[in-house]
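What Swiss-Prot records for this protein:
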ACT_SITE  S112  active site, acyl-ester intermediate
ACT_SITE  E244  active site, charge relay system
ACT_SITE  H357  active site, charge relay system
DISULFID  C166-C179  disulfide bond
Amino acid sequence: TPISEDCLYLNVWQPSPAPTGATVLVWIYGGGFFSGTSSLDVYDGRYLARMEDVVVVSMNYRLGALGFLYTGSEAAPGNAGLLDQHLALQWVQQNIQSFGGDPGKVTIFGESAGAASVNFHMLSPMSRDLFQRAMMHSASALAPWAVTPSEQARQRSKALAIDIGCSADEEDMDVLVACLREVSAQTILDHEWNVVDLSDAHFLADIPFPPVKDGRFITEDPAEMYAAGNFKDIDILVGFVKDEGNFWLVYGVPGFDKDTDSIIDRETFVGDIVFCHPRLNDITVERTAFEYTDWLHMDQDTMYRDALDSVFGDPFFVCPTMAVGKAHVNHGRTAYVYEFAQVASNLAWPHWMGAMH
């Protein structure tokens, strides 16, 4: 897909004949808040609109540093990408009737970072009145990669500017932002991953510029908001795939490679737990290895490989998704939960990677 800063468009599909008062489904794509587009063939909404007699909407939103640069000042207040989504939801409320949709029957849904985005709109006072239902696939705002503390976000924005060469006054963030505005978008894209410490914990699931608790759109830590019952109290659908972790493991975890069967032994398995979760102490590593070992199938050479899939996928994708479902149930709402386990027949990845993220 060609890259352009002129990207803030949305797509609308309506069934034929044109409906009146139809349900509206608004899709938010994933991609770690640094990649993605609504124009992928897999996101073509015409089939869903036709088969289910609904109006389907998707939108683009700014990504990476261009969408989530944060300085704590008006020069770069953060979460521009989420505000793009918010603006699209406002547009739906104001215009969807012209396409046969009912602004009172809007469901927002998304996958991965798109699911976290859906959850942020459920939490944000700015967005709660712009939809009625929500579906989240393979993530939520409770994922450890989905939101960053404001000070870390500020430091990463500073590091990006300095890495590009905007170091005239490191303490004046507005000056740094003004300098960044003078460089090309491609230059910013080329440098934004340099702010990630590859030796840090969770680097496989780290994102250089995720959403930030800005005090405006994201007013509090998502976990604290759920604990306090401060969220849009609605029925939801949440789900995940059977093999959430495998997609990530082939990007550097010892023993894993898309060109092999990635068979590992117990020693490698334990070492990979440390590799994926380096902040765990020795006791927790051993307990994790014990918990995820399939003791009834010790004779299967794929057992440790499959176990590490869950060791990585559970904390980053499955558990945060389930936690949101449980929170809504605890508040008397209904949460529908699914696991997607079907492996695509035309999967371009090795079959052992399964139904992956």
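Just so it is clear, glycine is given a Cβ too, placed from its N, Cα and C backbone atoms.
Shown here: features listed in Swiss-Prot, placed on the structure.
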residue	record	CB count, 10 Å
S112	active site, acyl-ester intermediate	24
C166	disulfide bond	20
C179	disulfide bond	17
E244	active site, charge relay system	26
H357	active site, charge relay system	21
Measure from the CA atom of S112 (active site, acyl-ester intermediate) to the CA atom of C179 (disulfide bond) and give the result in Å, rounded to a whole number.
33
Find the one among the recorded positions C166, E244, H357 whose C-alpha lies closest to that of S112 (active site, acyl-ester intermediate).
H357
In angstrom units, rounded to an integer, how far apart are the Cα atoms of H357 (active site, charge relay system) and E244 (active site, charge relay system)?
5
Tell me the coarse DSSP state (helix, strand, coil) of C179 (disulfide bond).
helix
Just to verify a number: CA distance, C166 (disulfide bond) to E244 (active site, charge relay system), in angstrom, no decimals.
39
